[in-house]
């Protein structure tokens with residue numbers, strides 16, 4: 001049990017870290033410890049209940065939800081523009097459905113407590129449940145999107161948009177098609193969404209699992225080490241080459257010569273010219289897998305040229321994507337941040353979308369091992385959402401959290417019945433309307449409520465207006481007032497709010 005002195009000491013630690021502007025993750029860890037100690041200390045012998053969300057999760061305020069809706073709408077509009085259907089799957093799956101699909105990341109899966117029935121786990125992504133859905137329903141052809149929460153027992157850096165519970169937005173094309181046409185469309189979708197959201201400059205890195213595997217083979221990596229070396233290469237966007245090299249050699253037992261040969265390749269990135277160069281490479285061109293991958297990559301770049309998006313695409317040999325199920329093209333979109341005005345080189349501020357081809361995953365679930373080729377993309381909504389939130393904060397843009405078009409108000413007393421009658425007429429006509437829940441509200445308070453919540457119009461009922469069969473419509477921003485015939489009010493509100 002924590003005593004009061006220990007709690008005070010921990011509180012001092014937290015204060016010191018905040019003054020020293022320590023890493024947000026470190027502060028969060030110590031704050032969590034302090035809250036736990038306070039909870040143990042309790043209140044007069046009763047343990048005190050700490051009101052907090054679980055680690056790695058967060059609540060969303062109405063303002064945050066309004067920004068989130070804006071992002072979701074842009075993404076869903078794009079998915080629909082490309083002809084996708086929508087599905088949903090359970091938030092938990094049988095444990096064995098998820099086991100062995102994620103390589104080294106399998107340790108991050110949340111297993112649910114055995115309730116004396118099936119062994120279950122929370123879903124880790126939307127791709128494996130999608131493959132299970134296809135195999136179970138014997139579907140061999142579908143273009144679908146799925147937006148839902150997934151769960152990872154990560155050590156979250158919540159400041160950077162990493163959580164234990166978070167949304168994924170996936171778009172996948174399943175079916176047997178001619179090479180690289182669906183793959184090119186997935187990249188076009190990423191390009192459309194990131195352009196639409198105006199998050200800043202971005203780059204989509206592209207590689208192919210077959211090129212990687214071919215490269216590992218010609219560099220002398222034993223077959224048994226392909227996947228584990230692959231997950232080391234995947235860290236190159238976060239760690240310098242020397243650190244990745246020592247992880248390969250010291251922790252994973254790769255020979256230093258093989259590591260150095262990998263080093264020569266993984267630092268290459270470019271476009272069609274690099275693909276041509278590698279097709280002439282004496283070692284790589286002799287490897288069947290790499291040659292296939294490079295041939296498809298060349299085709300992909302031809303299609304991307306037709307789409308007019310190659311300016312934002314980079315063929316990057318260091319891109320590995322840690323998941324085990326990828327079999328062909330892989331890609332990842334990163335946002336770029338100009339370091340400063342004097343430096344041309346831009347730095348990546350993290351991945352905002354990723355995906356690739358996984359032709360074998362559905363076959364793992366099919367009793368007869370029938371394969372359904374798939375390619376898909378996942379939009380990193382949380383990271384995007386964090387950036388959008390920061391942008392809104394910085395621009396001091398006022399975000400409306402409701403869509404109310406008009407407030408029904410009265411300027412005199414004893415008009416509650418008339419306000420209720422009018423608001424009911426408006427609701428029935430499909431107008432988004434509110435009124436204050438008071439019998440005799442002051443007009444000033446009603447107008448102030450509109451200012452505070454961004455309601456653009458006020459419909460004012462008064463004795464004289466009722467006699468004349470009109471309603472006084474006031475525009476909040478300009479304070480202009482017009483008398484509108486009661487029967488024309490709905491149309492007038494619709495006209496005035498459709499322009500705003």
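Note that Cβ sites are derived from N, Cα and C of the backbone, with glycine treated the same way.
Just so you know, TrEMBL annotations never went through curation; they're auto-generated.
Here is what TrEMBL says about this protein:
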BINDING   125, 126, 127, 152, 168, 172, 321, 325, 326  L-histidine binding site
DOMAIN    1-55  domain 'WHEP-TRS'
DOMAIN    56-388  domain 'Aminoacyl-transfer RNA synthetases class-II family profile'
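According to DSSP, the secondary structure content of the domain 'WHEP-TRS' (1-55) in residues is 34 helix, 2 strand, 19 coil. Long-range Cβ contacts of residue 168 (L-histidine binding site) within its own chain (separation 6+, distance under 8 Å): 125, 126, 146, 147, 148, 149, 150, 378, 379, 380, 381.
Ranking the binding-site residues 125, 127, 321, 326 by other CB atoms within 10 A of the CB puts 125 at the bottom.
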